[in-house]
C-alpha cells in the first residue's frame, strides 16, 4: 500500500471499549467474567454430554454440539481482550495482525451460527413434517456434509472480509469505537476507498441475515402448520417441545444480529453497536446451553446421570 509522505501506516489500534463509562468498570468486569465463565462451562458441558452419551448421538444433538463449539469460538475471540482492557484500566491496544485475527474468528463463528441455525431448522422440519423419511434424509453422511459445508462456507466468508480489510490503508486516527475489531468501525477508520468492502458486507448481510432468515421462517411455518394439523394434543405438545428450544435461540440471535448489522453505515452508532454486540457475542453464547439444557428432557437426564456418577 502506497501512502503519501505525510501519512504513516497504523500498526496497532486502540480499542475504546467502555472507557467512556469509567464508573461502570468494575460492574462490567464482574458481568463479563461471569458470562464468559458460564458460556465456557455451559458449552463444554453440552459437547461432553453429546459425545459421551450414545443416546444423544442423533442429528439434532450433533448440530447442537457444533453450535456449542461455535459459541466457544465466538465468545473467546471477543471477551478475553475486552476483559484485559477493563482490568488494566489503560489504553487497550491491539496489533493490526491481532485485530485481523479477531475479525476473522468473529465473522467465522457468527456467520457459522446463522447458517447452522438454518440447518437445525431444516432438521426439525424433516423430523416433524416427514418423520418416515428422517433417517434417510438426515443420515450421518448428510449431517457430516452439512456441518462441513457450514464451517467451510463461513470460513471462506470470513477470509474474504478479512482479506479485503487488510488491503485498506489505515493512517490515523487509530481508535476503534468498540470493544473488539468489527467491520463497521474499522471501515470508518480507513483512509482508502471502502466501496468493495461495503458491497461484500451487503452481500453477506443479504445471504446470512436475509436468505437464511427466510429459510428458517419457511421451515418453522411448515412445522407450525404440521403441528396444527395433528389431532392428538399429546402429539402437538411433543412436536412443539422438540423445536421450542431452537426457536427461542433463533429469536434471540437474529434479534441481536439484525440490531447490530442490518442498518445503513451512515446511521452507525458506536453506543448502540456495543450493546447489540454484547447480545450476540456474549449473551447468546451464554444463554444457548442454558436454554437447551433447561428445556430439553434428554439433556437434563444425561446431565443428571453424569452428576450422580461424580457424586458416588
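Placed from the backbone N, Cα and C atoms, the Cβ positions cover glycine too.
Automatic prediction, not curation, is the source of TrEMBL annotations.
Taken from TrEMBL, the feature transmembrane segment covers 26-49 (among others).
Along the domain 'G-protein coupled receptors family 1 profile' (42-292), the predicted structure has mean pLDDT 86. Here TrEMBL flags 42-292 as domain 'G-protein coupled receptors family 1 profile'.
The transmembrane segment annotation in TrEMBL covers 61-80 (among others).
TrEMBL lists 100-122 (among others) with the feature transmembrane segment. Within the chain, the transmembrane segment (100-122) has long-range Cβ neighbours (under 8 A, six or more residues past its boundaries) at 60, 63-64, 66-67, 70-71, 73-74, 77-78, 81, 94, 146-147, 150-151, 153-155, 157-159, 161-162, 165-166, 180-183, 186, 204, 208-209, 212, 215-216, 219-220, 246, 249-250, 253-254, 257, 280-281.
The transmembrane segment feature in TrEMBL is assigned to 143-160 (among others). Here the transmembrane segment (143-160) has long-range neighbours at 59, 62-63, 66, 103-105, 107-109, 111-112, 115-116, 119, 200, 204, 208, meaning same-chain residues at least 6 beyond its ends whose C-beta is under 8 angstroms from one of its own.
Taken from TrEMBL, the feature transmembrane segment covers 206-228 (among others).
Non-local neighbours of the transmembrane segment (61-80) in the same chain are 32, 35-36, 39-40, 42-44, 46-47, 50-51, 102, 105-106, 108-110, 112-113, 116-117, 119-120, 123, 143, 146-147, 150, 179-180, 249, 277, 281-282, 284-286, 288-289, 292, 298; each lies 6+ residues outside the stretch with a CB under 8 Å from one of its CB atoms.
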